[in-house]
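Novice: To start, I am sharing the structure in question, which I have written as structure tokens.
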Amino acid sequence: MPPPRTRGAESGGAGPSADLFRQYLREIGRIPLLTAAEEVDLARRVEAGLFAEEKLGGAADLDSQLAVDLDRLVVMGRMAKRRLIESNLRLVVSVAKRYVGRGLTMLDLVQEGNLGLIRAVEKFDYARGYKFSTYATWWIRQAMSRALADQARTIRVPVHVVELINRVVRVQRRMLQERGYEPTAEEVAVHLELTPERVLEVLRLAQEPVSLHAPVGEEDDVALGDLIEDGDAASPVESAAFFLRCEHLEAVLSTLGERERKVVQLRYGLADGRPRTLEEIGRIFGVTRERIRQIESKTLNKLRDHAFADQLRGYLD
């Protein structure tokens, strides 16, 4: 159920376009929300349908009964996809409200966000245990941010520059988290197949206040910094995994001793999003790195025996 494809109308305004949009909001407001179990069931059907569609397209001489079965899976998958999309259209509107006034109308933002939602439905991996809304929000925001750069009439900061800044910053932050120190321009360059000089140039652009405030949209109402989302430090999958890990680990912290709980919080960055090294935690407690490693190992073994063990296994092993 796409919104009216009429450009140039803000939500809450007057005229036919605004009336159509209000009608659209009323219609999607009547669509029941899904339970977590329903989301998983629909996601399974979507995955099966996509698999069946691929099989049908890649095999020339399928058994007739198998072809019928695959056709049925395709139909069921498309029905599930539609329901999963329609049940989350309100999420798109909610995200779109954060971007109003940056160069695109509410109608345009919702239209672009719906494309991101469709992509999220197609890419969603229910087996990982993520909340679909957490995962989909990243794709919706990505679609809207891209649209702001692509569709604004006056773009003085090229879209490819915005995207390159996001790529460099994303890799830089990921390497920082993995290694515990800020990577050099050479290390980032190797990862992105760029020259160190190009990486330094991009980093200078990202760090200069004037450059980050350079106008991107019309009437100078969109700045380059607006298009560098905080979430671009990680992909949708990585971010959803991080939040899921925090959610499940927090659920078992109350079963740990005070020191064990603090070690886990520091090690995984549960309090502030910044994981600490064994050395850093050792300095905080006034003990050796090896002692912290022993505490961590003992604590993780406890967590593996917890009711959430299956969900946590990918993070603790």
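Using N, Cα and C of the backbone, Cβ positions are placed for all residues, glycine too.
As the structure is a computational prediction, the values presented were derived from the model and not from experiment.
Per Swiss-Prot, the features are:
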DNA_BIND  278-297  DNA-binding region
REGION    84-154  region 'Sigma-70 factor domain-2'
REGION    163-239  region 'Sigma-70 factor domain-3'
REGION    252-305  region 'Sigma-70 factor domain-4'
MOTIF     108-111  motif 'Interaction with polymerase core subunit RpoC'
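Mind mapping these onto the model and telling me what they sit next to?
Specialist: When pLDDT values are averaged over the DNA-binding region (278-297), the model yields 90.
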Novice: What counts of helix, strand and coil residues does DSSP assign across the motif 'Interaction with polymerase core subunit RpoC' (108-111)?
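Specialist: For the motif 'Interaction with polymerase core subunit RpoC' (108-111), the helix, strand and coil counts are 4 helix, 0 strand, 0 coil.
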